[in-house]
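*Asks:* TrEMBL lists these features:
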type	residues	note
DOMAIN	83-270	domain 'Peptidase M12A'
BINDING	H170, H174, H180	Zn(2+) binding site
ACT_SITE	E171	active site
Amino acid sequence: MSPAETNDAGAGRGEFRTAPPAKTVRTALIAGATFGIRAVQYVEIDGLAVFEGDIVLGTAAEVERRTEAAQFRPERGLPQSAVVVVGPGVRWPNHVVPFEIDPALPNQQRVTDAIAHWESRTQMRFPRRAGHPDYVRFVPGNGCSSFVGRRGGRQDITLGNNCSTGNAIHEIGHAVGLWHEQSREDRDRFVTIHFENVIPGFEHNFDQHIADGDDVGPYDYGSIMHYPRDAFSRNGLDTITPTDPNAVIGQRIGLSPRDIDAIRAIFDPEPA
């Protein structure tokens, strides 16, 4: 059993930060290769624009500036892609994701164990940075968060003290190019969202990526990218339940077989 597989099956609380009051929810205009301009809602956490709990759009100042510019010149909207990032401009070349670890990050074995998990199950490789211009840096902070896909230059993966190896595997999934499973276009066939149990002001974390979707493979209850049942719950009750009563969602043990298939489809698509 690998270190990743010894983690608790539940998603770490660090992925679902809810400290900001509802009045801080803001709207950004984003753009992507497969869609035009669309609006998403986010909250500012530690100076970053964060939505869906752990996905970083950029600094709050950058997002505000580029959203304002997009209102006048839509082609300058914040770059962002679909449910899975498939565009060549945001894909890591040759399956290689260079990385470095902030010396101040506690329990760095979380990172090395998560990377070992990825490398043992996928074609992705994570060499030490060694001068690579585009790379991820694992840094300490509040909660767990990451950008989606390759941003160019340095991009941080934040791991708070309560973020496990499984959470690190999840955040690496975002950096590689995966979005949350339950944001797929077809999700309403597989899960029910109980908005009455969601913390007021955080309903946007359950938005679907319909206009900009690029779902890969069948819906996967077992995905490490899936929300748990009580994500953003205001009362401890379920906010998301599977239509299959036997399904388990929200595990943070490791990549599922379909997660692995999705990575293969993104980086090594079969010829048409």
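Cβ atoms are placed via backbone N, Cα and C, with glycine included.
Nobody curates TrEMBL annotations by hand; they come from automatic prediction.
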*Asks:* To the nearest Å, how far is the Cα of the residue listed as 'active site' from the Cα of H180 (Zn(2+) binding site)?
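*Replies:* About 10 Å separate the Cα atoms of these two residues.
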*Asks:* Using the Cβ centroid of H170, H174, H180 as the reference point for the Zn(2+) site, which residues of the same chain not in that list have Cβ within 8 Å?
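*Replies:* Nearby residues not in the site list: E15, E52, D54, I55, S146, E171, G173, L178, W179, I224, M225.
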*Asks:* Taking only the residues in the domain 'Peptidase M12A' (83-270), give me the average pLDDT of this model.
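*Replies:* Its mean pLDDT is 92.
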*Asks:* Once near-sequence residues are set aside, which residues in the chain of H174 (Zn(2+) binding site), 6 or more away, have Cβ atoms under 8 Å from its Cβ?
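*Replies:* Sequence-distant Cβ neighbours: D54, I55, S146, F147, V148, M225.
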*Asks:* What residue among the binding-site residues H170, H180 has the most other CB atoms lying within 10 A of its CB?
*Replies:* H170
